[in-house]
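Participant: Before we start, here is the structure in question, set down as structure tokens.
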Amino acid sequence: MVQQEMVRLRRQMEQRRGLKQLVRQREFERKEGQTASDLLSAPTLSTQQKQQQQQQQQRVTEQLYKVQKIQTVVHMNNLKFLQRHFSAWYSVVLDRRLRMGKAMALSDWKRQLRAWRGWRTVVWAEQKQRAVVRTEEELRTEHRQCQLAMESDRRRLLRQCLNEWQRWCWVEREQRELLAQQQETRRKMAALINAASMGNLKAVGTSAYQPIMSSPEALNQPETTEEDVPQRSATLTPNASALLKDKMPVGAMTSKPTQPWQVTRRHVAPTASELHGARQRDDDGAFTCHRTAAAPSSSFENRHAAQQQIITQQRKLLKEQQEQIAQLNVEKSKMGLEMEIKKAKHLSQPSVRGGSRAKSHTVDCTQQRALKETEEPDGLWTPPKKTVKHQTCPHPSITAMEARARQRAERRKEIEEVKLKKEEEKLAEMKAAEEQREREEKEEKRRAAEKRKEEKRQGREKEEEKQRHLKKQQEQLKLASQHNNRALLLWRGLAPWKHLIQLQHANMQLAESHHNLFLLRQCTLGWQQSAKESLSEKEASADQLHQQFLLRRSLSCWKRLKDWRMIRDERAERFYRIRTLRRFLLALLDHVTQERLVQWDLQELAQEHNNRRVLWRCFLSWRQLPCVLREERKKEERRKKLGRKVSEVLPDFCSYLP
């Protein structure tokens, strides 16, 4: 279109140039012809003709001026039209350039937005993947810790049951050995009393003397074992006491001591109701402590920490229970020592009053005391034997026995005093330890109160977190209550009243359950292994599929990138062509405009030169006009002279015409 317009403009300019040249040529020819005709017809023309010629020349000049003016107007209109056309074309080009810039900016913005969205999606996916992996790891760790805690708790329960069973077996064995020793001692003492009553001490003196002399040393060991047995049996369940009650005779259980020397440790020992009440108090205290201690577990962030806290609290409660049981044992031993002191006092009083009685009765009493002293570790009372016949004179062995009995009583008193001193020292130490423990408990309570205050303050700040952990806390409390019920059922409910057959049945059931659990564990391990294998296969297939998806996505992205690059190259090439053409057209427009302006300047210079030339020629002609007129007059005069001469010479033929 631009080329056509340029061709059209060039044609118009050539036509105008040709027209101007033709007009100039014709004007020049006309002027030359006019001047020639003027020169030729000047002598013959009159003044009127000269005026007409001047008027005609003025009209011609006016017409030429009008034609030139019309040509100038046409040229200006053409220039205005060309300027309007180029301004419209330039506005179209600017509009298109503006649109192209807007489109490029919009495409760049869309590309950046698409890239940013892709980057954001990738970042979110990575964050989500990391969160999923972290959550899975936490759940796996929590599950593993829960499994370890359950396994540790189960092993602890089994170990505790095994220890209790071993202690029970040991107590039973000690009881059987003690009963066997007591029966042997009772048998020997019965034989000695029978021999003394029948007067056959000389015959059996040598054989019975050695056991009687060695009885204090031999009996000291059962006394020590008897002192240790209640302390050990006090920490156990009441199963041993129930078995002892079953093995004791009915008379020993129902009869009360009528004499001071018949009082044993069993009579001053705490009853089952007292022990049951103390255990209930311990259980209530432990349960309340457990309930109060289970509350802070809500501040923990996961289940494993709460379970660890529950386990530590249970261990602490068990330690406190053991300390309370040890304190009860100390109190029981203290009560036993007091009762032994009282019994020793009561035993010393009948020995002093025994001088007024008969010698036979004294012998009988000493024998019975010796028998009770030997039977004292067992704590069982047997009815007295048949009355011994009174003898008129005491036997030397009887006096020796009385002397040895007094020596044993003195030695026992010394031992009791030493034991009493040791017990008092021990009680003082225990009292100091108890005071220290109370102070520590008070300090711990104060710290616990401060900690509770701090936890309350933190609890007010973390109310929303507590609401989220409320369900977890309820589950933990339920688990703790189940554990407490199971512990109470194991330690306080079933053990006291189960017999040996039930225990065996329970052991069989435990073995069966252990076997079932073993089988179940094997099956579970096999299932877990198969599940892990299937899971690993699925993960491998998922990874492979994910890699395929990634490869496919990368290929599609690469293809899109290639297409986009081709589109961009085409756009760039088209933009380059358009920009090059635009620059060429702008340069051409500048060149044409410059040439046109130069042509206009040259045309103006030519017109001015032509005007100056015409004016100079006019002035030259005007300056030469008097000379020309003189010459013309001279010529006219000569012509007239020649005409007169010719007329004079030649005859006048006009007069002869008709």
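Glycine residues also receive a Cβ, built from the backbone N, Cα and C atoms like all the rest.
Okay, so TrEMBL annotates it like this:
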REGION    29-53  region 'Disordered'
COMPBIAS  34-47  compositional bias 'Polar residues'
REGION    254-284  region 'Disordered'
COILED    311-338  coiled coil
REGION    344-414  region 'Disordered'
COMPBIAS  403-414  compositional bias 'Basic and acidic residues'
REGION    431-477  region 'Disordered'
COMPBIAS  431-475  compositional bias 'Basic and acidic residues'
Participant: Averaged over the coiled coil (311-338), what pLDDT does the predicted model reach?
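Facilitator: Averaged over the coiled coil (311-338), per-residue pLDDT gives 77.
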Participant: Per DSSP, what is the helix/strand/coil residue tally across the region 'Disordered' (431-477)?
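Facilitator: Each residue of the region 'Disordered' (431-477) counted once, the result is 45 helix, 0 strand, 2 coil.
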Participant: Within the compositional bias 'Basic and acidic residues' (403-414), how many residues are helix, strand or coil going by DSSP?
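Facilitator: Split by secondary structure, the compositional bias 'Basic and acidic residues' (403-414) comes out as 12 helix, 0 strand, 0 coil.
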